[in-house]
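Beneath this line is the structure, given in structure tokens, with notes to follow.
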Amino acid sequence: MYLYLLFIHILSAMVAIAAAIGYPLVMSGARTVGQARFGLGLQEKLAVLPKIGGTLLLLSGLAFGVQQTYLFRETWYWLSIACFLVILAIMAVLLPIGLKRQQQALLQQTQDDTLPDAYRRSRRQSFRLEGIALLFVAISLLLMVFKP
């Protein structure tokens, strides 16, 4: 049972982390309205990944705690859960709100192919949130690998 749980935990971590790393990579290359629309559409379709991966990650992590109850007394375990909750809040709640703002800014664009200022402002806010999420991903990985 432990090996199956470990497999699910690692696979769900890869799915969730890929989304956290992929979001800024996809959107950093957008230079025109068409590219930004494509990137936002892609992100909208991929938004399910951090939700599914994150949910499985949390459930499998808690299942480890149920199997090995000493984990509930470990500081690194609780810090990992706290980091995860911050990542989940950013990736599943805050970033989708920012994506909607960016899409609205692009819909108002009618003439040329340059990105509007409203889009750029919203993108900067999203970029900060993505950076915070990546920082917490790194902290979480360090906690799980080194278990201080």
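A Cβ is built for glycine as well, from the same backbone N, Cα and C atoms used for every other residue.
Since we're looking at a predicted model, the values are computed, not measured.
The transmembrane segment annotation in TrEMBL covers 6-26 (among others).
Long-range contacts of the transmembrane segment (46-64) within the same chain, counting only residues at least 6 positions beyond its ends with a Cβ under 8 Å from a Cβ of the stretch, are 5, 8-9, 11-20, 22, 71, 80-81, 84, 87-88, 91-92, 96, 99. Look at TrEMBL and you will find 46-64 (among others) tagged as transmembrane segment.
For the transmembrane segment (76-99), the residues of the chain that approach it from at least six positions outside its boundaries are 16, 19-20, 23, 40, 43-44, 47, 50-51, 54, 57-58, 61, 65, 122, 125-126, 129-130, 132-133, 136-137, 139-140, 143-144, 146-148, judged by C-beta separation under 8 angstroms. The transmembrane segment annotation in TrEMBL covers 76-99 (among others).
Annotation comment: TrEMBL describes 127-146 (among others) as transmembrane segment. Note on the transmembrane segment (127-146): residues 17, 20-21, 23-24, 27-28, 76, 79-80, 83-84, 86-87, 90-91, 94-95, 98 of its chain, located 6 or more positions outside it, place their CB under 8 angstroms from a CB of the stretch.
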